[in-house]
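What follows is one structure encoded as structure tokens, with my remarks underneath.
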Amino acid sequence: MSDSSVREKNDNFRGYRKRGRQELRKIKRSSARTEGGSTETLEDVAEDIDHRSDEDEVSDVDSGDDFDIEDEEGKKEKVYDALLTILKSEHPEPKRRRREADESNKAPAEVGEDEHENTEHGPVDDQLEIENGLLGNHEDDNDDDSSGDEKDIDSEDEQDPFESHFNQVPEKFVDKLSNAFKTKSVKYKSVKGSLSDSESYIYAKPVVIGEEALVESPYRSSSIYSYFLKQRLKVQNGLLDKKTDPLTALQKKLVDPMFQYKDILYEYDSYEKDEDEYRDLYALHVLNHIYKTRDRILKNNQRLQDNPDTEHLDQGFTRPKVLIVVPTREVAYRVVDKIISKSGIDQVDKKGKFYDQFRDDSLPPKSKPKSFQHIFRGNTNDFFVVGLKFTRKAIKLYSNFYQSDIIVCSPLGIQMILENTDKKKRQDDFLSSIELMVIDQLHSIEYQNISHIFTIFDHLNKIPDQQHEADFSRIRMWYINEQAKLFRQTMVFTKYISPAANSLINGRCRNMAGRWKNHKVIGSENSSIGQSGLKIRQIFQRFDIIGNSIIEEPDYRFKFFTSVIIPGIVKSTGYEDGILIYIPDYTDFIRIRNYMKEKTTILFGDINEYSSQRQLNANRSLFQQGRLKVMLYTERLHHYRRYEIKGVKSVVFYKPPNNPEFYNEVVRFIGKNAFLGNTDLNISTVRCIYSKLDGLSLERIVGTKRAAVLSHAQKEIYEFK
């Protein structure tokens, strides 16, 4: 839908031209009543109740002429209904896919709650806290939304990526690319480059098929000084002296694609150091975006006061511009604390409440692996949504979602709002205008419920169902035309790139600026096998997928397992007991368990993430005693508990673990049993079945070069020792 056609339709519904701009602006209460005693409006009452503490703050919105508020609201509702009718007729909403709810889609918060969850507030309190974030849309209407001094207003330099990405793209180009995505006539042109001897990157940009386009590397000088930062951020973060080099090696890799608004999928090395460094950078980027957005609106407010007939498109349907998704309250605390420290704002409302609910100094047992201690330290509650609003004087935590600039949430917390069982409580309008999305620690989120992440993407950048006081005269056309996904930047940070991570960045992101991701080259000495330290037979068996059908891959794997591996267990020339079968996916686990119950006479037990503590203890004990010959063990249980399974003599990996640390931890079960004299390493075996689709996991276990050979060579069985 073109700019002119939409505006003509909107004007026809209003019944006038240009004058509607003045009428659609927010209404501001007069500072004093006339002596005649004018009646108090509903807005006055709401402000008196909710904002007695904010009387000293001045609204940033322009004051309109005095007129009846109820009539004005009625006009605005009619305009909005008319606009929705137009939009829905031109952009019919696709039918939602029905999701099958089975055990595999349950939230994993229930796993290991007794060991790791440290929650001072019950689930009911947490749910009420989240629901309160949707109430009281007018709670902060009197706040001054200015983020700093007037001197720090943007210069609107066309070289600023904020300007070129959001404000300078021709409407015809956006329409053409949007239609190309709808008709699947888009291809990605890519360039590759080296970051170091052991790391490379690939940058790909969407191009309409049949058109020529030059795709260049995003790298400039790998310097923060190449970008237009707000002055208050430079002062707060010591970035005034260009002679200094404040960026780390990791930040130099990310600064160019990040500040150019490219989508990012970044695989990092160190839990502690790397996470702190990339959060430093994206916190700065997020703040810069928020400040520029709010200052642009303030600047245009002043322009409209001087000349009401001018047109300034600078807003979305709702205020929230940044969504940050993290796995636990501990990570949320670290992210929010980082944003506060870099903001240059001293006053933080409800900071004490936030620290009480999110901060926790408790640590997991020191006997657990270091990665476990990092992931499960502090407050591991995974049910929360918090809004952050930036005003001239303060950062307001726990702000109403529709009045927030940044929303920090867990997948489970926001899922409760988006897919609430009570349809009256479902809302997603506050996600309609998200321009930056960050997914932090995706590798941890994958063990919670990755489907929640895909649900979030389903609800991003949609036309809202309600008005939410939007000023339609200032909404950008690409919002109205449902093209906001072409402008949204998505940044995903993970310890290990997985098929799910690739699916998100490749399948759910349409950023016209393109996508950037790195690739680690893993030498054999740094692989899991190279670091295991055990001289034990490790056999990798490949099964082929006929027709290269990804959808049918689980069926081919199951068929291979039941026709090759199970008979091998029954007729084993090695140990007949102490066999641990490690299964990453819960649906595969259910399938194998049912098969072994119904089709075999093998004496086996199982432990999984939904087992009771009594079942876990009993089956582990029976397996150690040899009374159970085979034990089925799920990866999610291992992630949440990191059990030391005793009595293991041989291991079968139904699929390579996504986390290479898990491979070594499970193999060492055999080593510890051998140390006790209960097994012989010359007889014990480790067997891993894989397909060429397991390449990402495989290269972390055997190394990049070996993984290429294992995946593509004619030989199907490889052995390491």
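Using N, Cα and C of the backbone, Cβ positions are placed for all residues, glycine too.
What you are looking at is a predicted structure, and each value in this text was computed from that prediction instead of being measured.
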Candidate annotated in Swiss-Prot as phosphoserine, out of Ser31, Ser53, Ser367: Ser53
Swiss-Prot annotation, phosphoserine - which of Ser185, Ser196, Ser503, Ser621: Ser196
Annotated phosphoserine residue, as Swiss-Prot has it, among Ser63, Ser164, Ser524: Ser63
Cβ neighbours of Ser196 (phosphoserine) where a neighbour is any other Cβ within 10 Å: 11
